[in-house]
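Chemist: One structure follows; several queries about it will come next.
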Amino acid sequence: YRSHLPEIILHWSNLTFLGNQVRHRSTDAQQTHSVVLLQPFKHIVLPKSVTPCVPLQVRRGPRTVQSETKYVELLVVNDFDLFVQMRRSTPQTRNFAKAVVNMADAIYKEQLNTRIVLVAMETWSTQNMVSVGDDPLVTLRDFMKYRKENIKEKSDAAHLLSGRTFQSRSSGTAYIEGICSPTRGGGVNEYGNVGPMAITLCQSLGQNLGMMWNKDRATAGDCKCPDPWLGCIMEDTGYYLPRKFSRCSIEEYIQFLQQGGGSCLFNKPNKLLDPPECGNGFVEQGEECDCGSQDCSRAGGACCKKCTLTHDAMCSNGLCCSRCKYEQRGVICRDAVNDCDVPETCTGDSSKCPHNVHKLDGYMCNAGLGRCYGGRCKTRDAQCQALWSHNAADRMCYEKLNTEGTERGNCGQDSSSHSWIQCNKQDVLCGFLLCTNITVKPRYGDLNGEITSLTIYHQNKYLDCRGGHAVLEDGTDLGYVEDGTPCGPNMMCLDHRCLPVTTFNLSSCPGSSSSHVCSDHGTCSNEVKCICDADYTGKDCSVYDPIPDPQPPDGPEKYKGPSGTNIIIGSIAGAILLAAIVLGGTGWGFK
């Protein structure tokens, strides 16, 4: 200890004693270090590596599509028949619809980490604004047209709650994978009590989210429903109200998200149908924060009290909030899910992760074999694999069959005459989807008509050409090549035509031309905005602005903790002081 005595004397004036804590203020760095002495006279051990007195900030990894909470912003329209069922009372009709949505929300929240948030409601109290007939698919088409032309409120999906029943095997219908689309994001649901109608809403929303309605697979293999009595929500089984999604339905939903679908679900709503209420977990007008949700309470309960940020707090929760402070610019808060997605990064001045966007249509993907369209990588092989579990057929098959203009090869049907349209030679790869060795039944939808089958001998080999019309519940025929699929060098399919990629306006972002996109330092998004690479900013990504090295909020020394020398000084000084007090007390006792 003698060798350290000069240091002890030097630092003595900078020592402060608070209970069992010794605080030392360095004269050179003007830093304060704390050492806790639980037992001043025993076991003063210097560890091999000093543990910082301030815990290291644990930086969360970016959320995945499963772990991040999703939000379906739902608009509900109550038709005149439902209004009549509710004794022609608008308040009673609205309360009934709210109860239906709340029950559906509870099911989605528990099993899919997805919230059904009611953002707007309309009640037809005088007459139906569209024809609501026996066929739910016809009603759906008319309702979606009404939505596009007459409803101004924005939502991820719009659903009609009807007071009548439909003449169909299911209690409603919706467009498959239609969520986020103003023309396909919707469904219609027939009348029932709160429970049955909530399950119908779960089913139709499930279709919007990529879940398939399939009565055949419910009793087969891995898709067998685990509860034969209650059944599963997307399966035609059970004897009472199902409350669970099967494993296959959940996997279909996750796959839909991982493939780039449902990009609008990752944006948390800030305006609900009901008036603002502190404690509902949504930051609304007049609130700085709202820790009503469990996630917020765990992550930022100390940062938010009664919907007001506590002292010095910048935020309470969010993907870009950590310990009441904003995450640094450039921290990834949402990873890309595929080749056609872009990772979102924190801005440094907000707790929210930026809106979920993807690459503009036309970007190359899948090692140059596919093109991005609607956030997904499109190839004929991928479509054949998804529908028939086999690869796409040779180009010669498309040239042979799709130029026929028959049921077994065409470029669609004429809407008025319903006759098959013959493909032009340059459009053959955008018509009927032809694959190899396909099975009798498609994986999705119902087979309409016979399987097309043709064998061609070409260049000393036999080519297998097969296809089929697989029709979904919403009338969509999966048996055609999808829009956005490559059909030649710098060419893509659109409405069964093969068009130049330039048609899709890839160079419409700022700082873009025929040879440059976003000044070569960014990616053009589906919002026609540049998403800049790290170290670049500006609308056109032309400004070089390197991200500084991460620094703790209170200075560079915050995470280093006290040095070993200061631990020695604090420990010995504390021991000397305590010894002096004890000896002094003994001396006074002798007096």
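Numbering starts at 1 and runs along the chain as it is shown here.
Backbone N, Cα and C define each Cβ position, glycine as well.
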Chemist: According to TrEMBL, the disulfide involving Cys532 connects it to which residue among Cys524, Cys541?
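Modeler: Recorded disulfide partner of Cys532 in TrEMBL: Cys541.
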Chemist: Check for me: which candidate out of Cys324, Cys333, Cys377, Cys384 does TrEMBL give as the disulfide partner of Cys353?
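Modeler: Recorded disulfide partner of Cys353 in TrEMBL: Cys333.
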Chemist: If H, G and I count as helix, E and B as strand, and all else as coil, what does DSSP give for Cys333 (disulfide bond)?
Modeler: strand
Chemist: Can you tell me how far the Cα of Cys333 (disulfide bond) sits from the Cα of Cys541 (disulfide bond), in Å?
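Modeler: So the Cα of Cys541 (disulfide bond) lies 20 Å away from that of Cys333 (disulfide bond).
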Chemist: Would you mind reading off the Cα separation of Cys353 (disulfide bond) from Cys541 (disulfide bond), to the nearest angstrom?
Modeler: 19
Chemist: On the DSSP side of things, how many residues of the domain 'Disintegrin' (275-361) fall into helix, strand and coil, could you say?
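Modeler: Across the domain 'Disintegrin' (275-361), the residues distribute as 10 helix, 16 strand, 61 coil.
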Chemist: In the same chain, which residue numbers or ranges, 6 or more beyond the ends of the domain 'EGF-like' (505-542), come under 8 angstroms Cβ to Cβ?
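Modeler: Tertiary neighbours of the domain 'EGF-like' (505-542) are 263, 330, 342, 345, 355, 357-363, 375.
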Chemist: Can you give me the same-chain residues 6 or more apart in sequence from Cys541 (disulfide bond) with a CB-CB distance under 8 Å?
Modeler: Gly511, Cys518, Ser519, His521, Gly522, Cys530, Cys532, Asp533
